[in-house]
Amino acid sequence: MDTGGNSLPSGPDGVKRKVSYFYDPEVGNYYYGQGHPMKPHRIRMTHALLAHYGLLQNMQVYKPLPARERDLCRFHADDYVNFLRSITPETQQDQLRQLKRFNVGEDCPVFDGLFSFCQTYAGGSVGGAVKLNHNICDIAINWAGGLHHAKKCEASGFCYVNDIVLAILELLKQHQRVLYVDIDIHHGDGVEEAFYTSDRVMTVSFHKFGDYFPGTGDIRDIGYSKGKYYSLNVPLDDGIDDESYHFLFKPIIGKVMEVFKPGAVVLQCGADSLSGDRLGCFNLSIKGHAECVKFMRSFNVPLLLLGGGGYTIRNVARCWCYETGVALGTEVDDQLPQHEYYEYFGPDYTLHVAPSNMENKNTRQLLEEIRNNLLDNLSKLQHAPSVQFQERPPDTELPEADEDQDDADERWDPDSDMEVDEKRPIPSRVKREAIEPERKDSEAPNGTAEQARGFDNMATNETLSTKSVDVRPMAIDEPTVKVEQETSNKASDPIYPKS
């Protein structure tokens, strides 16, 4: 099979990959509110496992540069971004009409530091895309990202800013085609909608379908105009297990890679598709979930790994820790190391948990029908779409490292970030993502020249205006808004009740 895309120098699947990992120690302090299932604290728990397993020393670790307002406006409407910047728990009662307009207040509550939270997780995803574009790494990871429900003008499903769309727009500066794959239990509606009329981005979502949020993702939703057949939806029923999931995932993704030939891949690794999730109803094991990461890694195409859903937070941390090991090509021991969140993982204190004995409602006949339907759709794509040879937009450039920074190859030792709960400054050995806003055209790196300043296949029909996105270059530089480290209103996340 010709997998196409940009082959990495890393070679066969067994060979190590160069991995860039994005983490801000403040992200675990943001708090959606009492009883809300979305808990950013899970990102800190994941990081603690990575530190104590010794995985951080095998990666380049970066603190993401927060995305600026104008960076967020590359996809989101100006008035929506302005609203996110200005709204606070104290002022929300004075803006009830705006809250309703932008779908903020219930599933997507207003909380202290909301806009800084959005800037942080979006900055990590865009920063990862920049690293991939500049061949700094083979795989970039931002477990705080993957918030796939956010729309151009509204929040949705615990998501405010769609960092995935912003990262894909960055990747499109360097790559003719980008593949988006979503293994969250919920349909990746925000990303699909953004690129619904484009043949430069293919979206593939595996999700629970039928009386389940967000209600979209029918197998018959295949894209529109030039984007027809470039949206793939894999609707699944309760209780799907590893074997059934891979029966669909591997042949479908294998065919997608053969036909679409992406230059880069974004994989949203929502962990609510795991067995035992608080809001989910699938029955995947951690190894089964991670097999999707391993399979995408095997194609040797630049890969951006993002988080997403996941509401039994001890299992989320287990999953993303293990998948970081998969990205590195490192097998992680099942016995958990002692660390500050060790008691979350009792009584077994192991990395892997057995799936349940719940019924798998996905019959083999149903799975075969889905697989055949989608493979038939893919067969209608005769070849990878071409992009007209035009002047390319300026790339986001990586500046020279500051002289006072430590050597670029230096890593964290396992105990270096264990002080973040006390909100001490991040160690200087963590590189801050620092990117110049623009570069001169004459300095553009070698590569396929293309114009990413808008798709030529955008739907002009007003009814489809929300299902298209402009692709002008995004600039990331030093922000004027910084995360406050000592604010008392970013409450620590309460211990998730064991069940």
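Even glycines carry a Cβ here, placed using N, Cα and C.
As given in TrEMBL:
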ACT_SITE  H149  active site, proton acceptor
BINDING   D107, G157, Y311  substrate binding site
BINDING   D184, H186, D272  divalent metal cation binding site
COMPBIAS  397-420  compositional bias 'Acidic residues'
COMPBIAS  421-443  compositional bias 'Basic and acidic residues'
COMPBIAS  458-468  compositional bias 'Polar residues'
DOMAIN    36-324  domain 'Histone deacetylase'
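The binding-site residues near Y311 (substrate binding site), taking a 10 angstroms Cα-Cα threshold over the set D184, H186, D272, are D272.
For the domain 'Histone deacetylase' (36-324), the model gives a mean pLDDT of 98. The Cβ neighbour count for H186 (divalent metal cation binding site), using a 10 Å radius over every protein chain in view, is 27. Of all the binding-site residues listed here (D107, D184, D272), the one with the fewest other CB atoms within 10 A of its own CB is D107.
A separation of roughly 15 Å, to the nearest angstrom, links the Cα atoms of H186 (divalent metal cation binding site) and D107 (substrate binding site). Considering only the residues assigned to substrate binding, D107, G157, Y311, the longest pairwise Cα distance works out to 14 Å. Within 10 Å of the Cβ of G157 (substrate binding site) there are 21 other Cβ atoms, across all protein chains. Note: the CA-CA distance between G157 (substrate binding site) and the residue listed as 'active site, proton acceptor' rounds to 6 Å. Cβ proximity to the substrate site centre (mean Cβ of D107, G157, Y311, cutoff 8 Å) flags the following additional same-chain residues: P37, M38, H149, F158, C159, F213, L279, G309. The distance from the Cα of H149 (active site, proton acceptor) to the Cα of D107 (substrate binding site) comes to 12 Å. Residue environment of Y311 (substrate binding site) contains 21 other Cβ atoms, counted within 10 Å of its Cβ in all protein chains.
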